[in-house]
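The structure under discussion appears below in the form of structure tokens.
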Amino acid sequence: MEGEADVYEGVRAQFPLSFGKQTKPQTSLESIHNTTRRTLESPSPSPSPSLAKTTLPSLSSSSKSWLNDFKNPNPKSRQRRDSNPSNPSHENQEFDTRKPSVEDQNSELGKPNSTNDGGSKNLVVTDEDEEDDGEMIGPPRPPPSNSDDEDEENDGVVIGPPRPPRSILADSDEDEDSDVEPDDQFRIPLSNEIVLKGHSKVAFDSLEFVVSALAVDHTGSRVLSGSYDYTVHMYDFQGMNSRLASFRQLEPFEGHQVRTLSWSPTSDRFLCVSGSAQAKIYDRDGLTLGEFVKGDMYIRDLKNTKGHITGLTCGEWHPRTKETILTSSEDGSLRIWDVNDFKSQKQVIKPKLARPGRVPVTTCAWDCDGKRIAGGVGDGSIQIWNLKPGWGSRPDIHIEKGHEEDITGLKFSSDGRILLSRSMDGSLKVWDLRQVKKPLQVFEELPNNYAQTNIAFSPDEQLILTGTSVERDSTTGGLLCFYDRTKLELVSRVGLSPSCSVVQCAWHPKLNQIIATVGNKSQGGTHILYDPSLSERGALVCVARAPRKKSVDDFEAKPVIHNPHALPLFRDQPSRKRQREKALKDPIKSHKPELPMTGPGFGGRVGSTKGSMLTQYLLKQGGLIKETWMEEDPREAILKYADVAAKDPKYIAPAYADTQPEPVFAKSDSEDEDK
């Protein structure tokens, strides 16, 4: 092998360095993540009482960084200090018996030594050296304190600025939680951000680009986004590069907005709910597996219909069973379906209403175990049903007037005790299902203009997150708000877009990344927030993958076939420009039609007074056509046939000649008629 290597080097030396395949240096991950780092500061939340205390921290940030630089300057010096960890006193004795050299100073301090006016060198030594040498090296030691910690006294080496007094340390230890930022305390991944774009098809009815639906599979490898532009985009983190392009686009129903997307528990299929009355099932690659049947709109009783009769509002797959899904509709019903039978539903649920009628069900949700169903009704009520033997449409929990307007999102906690509700009245309410007469907390001033705005939990369910819509006179833009579930207070607000509203949001437990959808009338996208030190896979994979460069093999020349003698069916249609130019040259097609004459004729044309046609004009002039009706009195023309009709009736009068009485007219008493 060594001989072959020598031969290769010898042969390679005969060629210039530019010959052969050149390997370009790869971009470091740090520089890649710096390009996606968020630069805008998030809006500061209102300070909570626990965060309002002002205490002196134990060490400042500059002191901490300076201390870290001195702690680990060189691995060799660190290895020498750690050579005998069992006997620290012996290590100090060995260190004290010799005079430190310049190299030792550089290796332990990590920077060149500097000499002051007195000629003393800046090096940290023990008290014995200070007494022997008479030199003061390093920062002064703090005053002795009556502490029980013997380790601090026996350390021997003190690096960094002096420790503050004991009283300040005690106060800082008590208020340690107040020094931690809210984002650091809950470890929210917000440092970096990427945007998945692609929803640009114009929706002619509403001109909206809002991304209204979001679904991430349980493994975190694929993301689905649906929009008001009627399309669904499918993204794959494993196969996507830094261009962040979707690998497939779907249009479930032409002219219907996409409202909800939901993955199955096994992530092999997903549910698509649009504004139509039929939900669709797709496989993992976007191929249609089937659509559910539509009910008969002329049947009044909804329990007798085979499916929904009006547009769907929401839908969700069962969290445990891969054959069961739940849908809600504007027809005022919830239905449970079996994906193996698209022809009929398994169960029909009709909410309880104060008055008989049809009130739309705006949203629906399963609990984490799939044993309960929650539905948000258009009258503002929240109704919950327990799936048990013999259950019906009567709700087990009925919260009347839960919200003042339509409910857009419901979410159960994993323990089944807490229910979150989001509404278009601009509020988020936290309910304790053991006592539903009054909510635990109501968060106001959360504008919501879209019927698909949802709520979500963090992976440990310590935080609640939801999005806000952009108002007309607002200057904050779309926000992503985080609330503490235990303290029921605002933790942080993150601005995603100054002009787009935040609709859907999710915090994936495996990726530890926050995904939120935004949009307005001109643009829409899916924002992914992550932290390289906290998150895993997902956006980290695709951001670091550069797009493949185009090669010569990728070029495809489109063939142009010239066949002028082909049949007219296969002949290329001529351009409209050439057709117009040809028509302008044609004297017949380019001739302007003559307007009809309204007065006497001129220029060889006969006027309309004597007839619009030449034959009519000649017959009138020759006396062959006599038109006397224009000069005759209509009364006289009718009465001249009165005597003939009385003497020789032909049609109606003979039938009633024997039975018809003779008319007797009343004599007029007016003097005018007598005269």
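Numbers here mean position along the shown chain, with the first residue as 1.
Here the Cβ of each residue, glycine as well, is placed from N, Cα and C on the backbone.
Note that TrEMBL annotation is computational and uncurated.
According to TrEMBL, the feature compositional bias 'Polar residues' maps to 20-34, 103-119. Residues or ranges marked as compositional bias 'Low complexity' in TrEMBL: 49-67. Look at TrEMBL and you will find 91-102, 581-594 tagged as compositional bias 'Basic and acidic residues'. The annotation compositional bias 'Acidic residues' is assigned in TrEMBL to 126-135, 171-183. Positions annotated as region 'Disordered' by TrEMBL: 1-185, 571-601, 653-675. Annotation source TrEMBL lists repeat 'WD' at 305-347, 361-388, 400-441.
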Practice problem: Would you kindly list the residues that approach the compositional bias 'Basic and acidic residues' (581-594) from elsewhere in its chain, counting only those six or more residues past its ends and only Cβ-Cβ distances under 8 Å? | Solution: none
Quiz item: Quick one: DSSP breakdown of the repeat 'WD' (400-441) into helix, strand and coil?
Solution: 0 helix, 19 strand, 23 coil
Quiz item: Looking only at the compositional bias 'Basic and acidic residues' (581-594), what are its DSSP counts of helix, strand and coil residues?
Solution: 5 helix, 0 strand, 9 coil
Quiz item: How does the repeat 'WD' (305-347) divide up by DSSP, counting helix, then strand, then coil residues?
Solution: 0 helix, 19 strand, 24 coil
Exercise. Count the residues of the repeat 'WD' (361-388) that DSSP assigns to helix (H, G, I), to strand (E, B) and to coil, and report the three numbers in that order.
Key: 0 helix, 17 strand, 11 coil
Quiz prompt | Rounded mean pLDDT for the residues that make up the repeat 'WD' (305-347) | solution = 93
